[in-house]
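This report concerns only the one structure given below.
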Amino acid sequence: MGAGNETVVAEFILEGFSGLDQRLQLFLSLILLLIYLTTVTGNTTIIFLVCVDHRLQTPMYFFISNLAFLEIWFTSSTTITLLVILSSGRRTIPFSSCFAQSYFYFALGCTEFALLVVMSFDRYIAICQPLHYAAIMKQQLCTHVVVATWVISFTLSSYRLVFLSKLTFCGPNKIYHFFCDNSPLFKLSCSDTSLLWKADSVLLSFVVLGSLCLILVSYVRIFHCILHMPAASGRKKAFATCSSHLTALAIIYGSCIVLYAQPSERVSLETNTVVALLNTVLYPFLNPFIYSFRNKTVKLALEEGILQG
């Protein structure tokens with residue numbers, strides 16, 4: 001590291017939920033473990049069904065399966081650390097592991113926002129331009145778009161590793177969070193973090209608010225098309241689907257705006273910790289049910305798979 005000789009701190013201590021009683025921490029770890037296993041199992045099931053069932057091999061489910069794959073890694077990047085903290089009490093995390101966790105958390109988060117924009121555009125084409133859907137959403141285009149979201153997001157987020165490697169940490173080494181989030185991590189540095197604060201604010205505001213605007217534009221157009229549908233049953237089904245999607249989007253965007261799209265001094269560390277659970281634990285848990293398991297085609301594919309098994 002560029003400033004490695006000046007760095008006194010060799011590891012950090014994650015203080016998230018340290019104020020809870022030990023029995024309560026153990027109980028919370030069991031709840032979170034159940035949620036985590038359900039999340040991983042649900043998203044893995046979606047990926048498997050999309051791969052083996054020809055009825056699900058459409059652009060919509062291709063994007064959903066990619067989102068499911070991403071959610072497994074996104075929730076794992078923080079939840080595993082939290083489970084270790086609550087169940088064993090081991091709160092230390094090595095210097096390099098903390099930086100790696102911070103990088104992957106934000107890179108995966110940026111990828112997710114990009115995928116959500118793509119999925120909203122896919123739904124707009126399917127509902128508002130159904131006759132042109134097959135011609136526009138070709139498999140090759142879908143693959144290129146997904147690859148681009150991963151590559152661009154991880155490349156843009158790589159600046160964090162460069163800036164983080166130049167920071168010095170002289171003590172204290174306690175991070176009042178359950179993972180290496182930017183605000184509590186930057187506050188521990190004894191070097192100038194103003195440039196990193198500005199770079200993070202610009203990128204995160206652009207990614208979060210920019211993607212939100214694009215998604216809202218797509219859904220406004222979708223609702224406009226739904227209102228002009230001749231069949232009442234079709235309108236009801238489309239509204240139900242879109243409303244569930246918007247509920248999920250409200251969770252992730254609401255939590256991210258609270259945490260990252262405003263000056264850090266306005267957000268307490270306690271609020272940061274609690275709200276972070278929404279997009280690291282709750283949102284990945286809800287995704288399989290919102291985007292897939294409520295769909296009749298997915299239910300049928302799952303039932304057939306269980307019967308054949």
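The backbone N, Cα and C atoms fix where each Cβ goes, and this holds for glycine too.
The annotation transmembrane segment is assigned in TrEMBL to 26-49 (among others). Residues of the same chain lying 6 or more positions beyond the ends of the transmembrane segment (26-49) and with a Cβ under 8 Å from any Cβ of it are 17, 20, 56, 64-65, 68-69, 71-72, 75-76, 79-80, 82-83, 86-87, 281-282, 284-285, 287-289, 292-293, 298, 301-302, 305.
What TrEMBL lists as domain 'G-protein coupled receptors family 1 profile' is 42-291.
For 61-83 (among others), the entry in TrEMBL reads transmembrane segment.
The feature transmembrane segment is assigned by TrEMBL to 103-121 (among others).
The transmembrane segment annotation in TrEMBL covers 141-159 (among others).
Among the features that TrEMBL reports, transmembrane segment is placed at 202-226 (among others).
Taken from TrEMBL, the feature transmembrane segment applies to 238-261 (among others).
The feature transmembrane segment is assigned by TrEMBL to 273-293 (among others).
Simply put, out of 141-159, 238-261, 273-293, 141-159 has the most Cβ pairs sitting under 8 Å from the transmembrane segment (103-121). Counting Cβ pairs under 8 Å to the transmembrane segment (61-83), the top-ranked stretch among 141-159, 238-261, 273-293 is 273-293. Non-local neighbours of the transmembrane segment (141-159) in the same chain are 59, 62-63, 66, 103, 106-108, 110-111, 114-115, 118, 199, 203; each lies 6+ residues outside the stretch with a CB under 8 Å from one of its CB atoms.
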